[in-house]
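Student: Please see the structure below; I have some questions.
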Amino acid sequence: MPSCTTPTYGVSTQLESQSSESPSRSSVMTPTSLDGDNSPRKRFPIIDNVPADRWPSTRRDGWSSVRAPPPARLTLSTNNRHIMSPISSAYSQTPNSLLSPAMFNPKSRSIFSPTLPATPMSYGKSSMDKSLFSPTATEPIEVEATVEYLADLVKEKKHLTLFPHMFSNVERLLDDEIGRVRVALFQTEFPRVELPEPAGDMISITEKIYVPKNEYPDYNFVGRILGPRGMTAKQLEQDTGCKIMVRGKGSMRDKSKESAHRGKANWEHLEDDLHVLVQCEDTENRVHIKLQAALEQVKKLLIPAPEGTDELKRKQLMELAIINGTYRPMKSPNPARVMTAVPLLSPTPLRSSGPVLMSPTPGSGLPSTTFGGSILSPTLTASNLLGSNVFDYSLLSPSMFDSFSSLQLASDLTFPKYPTTTSFVNSFPGLFTSASSFANQTNTNVSPSGASPSASSVNNTSF
């Protein structure tokens, strides 16, 4: 009969099963003194074997190929290891980027490094393929170009002027975005011409086009050609490759400065009539083509468009309003909200020839059970109404307005939409009075039975 005794697995059993040629694992892992070394320090014995970088590394499906760094207490500094050495000793071949202190210091964070993966401790297969900040991982976000968006950008740029030379990168990004949105919204499509290959010497030619100021004395040709802040003229110069300048009488906005410069050197053009000067510099086979294209576009701008059909003027005015910060987007009114005129409560009692007499008893005109009998007599003076604590904030509940709307004051009367709570309270002050104030006011306002109401108990109050 086999014995049911559990075999003992002790140290003696393991030592007997080992051969004499191979040392035991306990003897390899136990620090021993070296021969001829009197130093009390202990170290592992060095046994030459296959280098650790040639060991086949096991790869698990779904795990990253970069091994996790070992704990500091298990890392060995020697390069020669025994085959029975701890597994953690093979981690000395880990790249330096994974063992750097900045990698595991929570106070320092690396945004992007070519040798450092963006997700070093992730366990996905594609963690080493691309970085979170690589061009393949992120795509540029295009915002829809609208007039409201451009107005917000210009407003933010004006706010940045309060902090000069502090947000240079933000200002540069804002300028680029403003230019992109402006081109998408207000860029005038000037046709481009096909030019031959440059050949010959560089020459410069100039042409002058007079503005029909006498035929259209009230038309603003200068503003139409230049545009807001000179944007239209700059765009025309960029598309045609020619320089566009407005010269002559009336070309300067400041008339006093124009009269002061008239007759001086380099200001001879002020003696001439208002005109547009087009200048082009290029090779002989290209300069005339570019100049002719620029002259055609300027002549089109000098033809006034009928009122209300000038699309270029509309864009220029809208762009100017955005630059000046005076642009207001057109919003359609909300038809669901109707503004009703509500009379406000007068702070002083109104004087009238005859008093308004109403029943002083509570609940005679309106049912008192709706608001707990807190309806006041309309004969209450305005001074007492404003001076006492007549507003009960406990009544401001969602069911209050529903209860009030349920009161059928008239068959064809609908509950109006009050714009504010104050207008509602001022319209119906009797509904916002506590029971204590109602009792005090009842004692002072109600006259004894059989006696005529006195002048002190009846006041003229308009609701």
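Cβ coordinates come from backbone N, Cα and C, glycine included.
Copying in the features that Swiss-Prot gives for the protein in this structure:
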| type | residues | note |
| --- | --- | --- |
| REGION | 1-76 | region 'Disordered' |
| COMPBIAS | 1-10 | compositional bias 'Polar residues' |
| COMPBIAS | 11-31 | compositional bias 'Low complexity' |
| REGION | 135-205 | region 'Qua1 domain' |
| DOMAIN | 208-260 | domain 'KH' |
| SITE | Asn220 | site 'Involved in RNA binding' |
| SITE | Pro228 | site 'Important for the interaction between KH and Qua2 domains' |
| SITE | Lys243 | site 'Involved in RNA binding' |
| SITE | Arg247 | site 'Involved in RNA binding' |
| SITE | Arg253 | site 'Important for RNA binding' |
| REGION | 305-336 | region 'Qua2 domain' |
| SITE | Lys313 | site 'Involved in RNA binding' |
| SITE | Gln316 | site 'Involved in RNA binding' |
| SITE | Leu320 | site 'Important for the interaction between KH and Qua2 domains' |
| REGION | 443-463 | region 'Disordered' |
| COMPBIAS | 447-457 | compositional bias 'Low complexity' |
Student: For the domain 'KH' (208-260), report the average pLDDT of the model, please.
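Tutor: On average, pLDDT over the domain 'KH' (208-260) sits at 88.
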Student: Take the C-alpha atoms of Asn220 (site 'Involved in RNA binding') and Gln316 (site 'Involved in RNA binding') and report the distance between them in angstrom, rounded.
Tutor: 12
Student: If you count the other Cβ atoms within 10 Å of each Cβ, which of the recorded sites Asn220, Gln316 comes out on top?
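Tutor: Going through Asn220, Gln316 one by one, the largest Cβ count within 10 Å is at Gln316.
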Student: Any idea what the Cα distance is from Lys313 (site 'Involved in RNA binding') over to Arg253 (site 'Important for RNA binding'), rounded to a whole Å?
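Tutor: Just about 19 Å between their Cα atoms.
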Student: Taking the Cβ of Lys243 (site 'Involved in RNA binding') as the centre, how many other Cβ atoms fall within a 10 Å radius?
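Tutor: That number is 16.
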Student: Please identify, among the recorded sites Pro228, Arg253, Gln316, Leu320, the one with the smallest Cα-Cα distance to Lys243 (site 'Involved in RNA binding').
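Tutor: Sorting the recorded sites by distance from Lys243 (site 'Involved in RNA binding'), the top entry is Pro228.
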Student: Under a criterion of Cβ-Cβ distance under 8 Å and sequence separation of at least 6, what residues of the same chain contact Leu320 (site 'Important for the interaction between KH and Qua2 domains')?
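Tutor: In sequence order, the residues whose Cβ lies under 8 Å from that of Leu320 (site 'Important for the interaction between KH and Qua2 domains') (at least 6 apart) are Pro228, Arg229.
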Student: If I take the alpha carbons of Arg247 (site 'Involved in RNA binding') and Gln316 (site 'Involved in RNA binding'), what is the distance between them in whole Å?
Tutor: 21
Student: From the Cα of Gln316 (site 'Involved in RNA binding') across to the Cα of Arg253 (site 'Important for RNA binding'), what is the distance in angstrom?
Tutor: 18
Student: Report the DSSP secondary-structure composition of the domain 'KH' (208-260) as helix, strand and coil residue counts.
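Tutor: In the domain 'KH' (208-260), the DSSP-based counts are 25 helix, 8 strand, 20 coil.
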Student: What counts of helix, strand and coil residues does DSSP assign across the region 'Qua1 domain' (135-205)?
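Tutor: Its residues divide into 33 helix, 4 strand, 34 coil.
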Student: Starting from each candidate's C-beta and looking 10 angstroms out, tell me which of the recorded sites Arg253, Lys313 has the most other C-beta atoms.
Tutor: Lys313
Student: Can you tell me how many other Cβ atoms are located within 10 Å of the Cβ belonging to Arg247 (site 'Involved in RNA binding')?
Tutor: 17
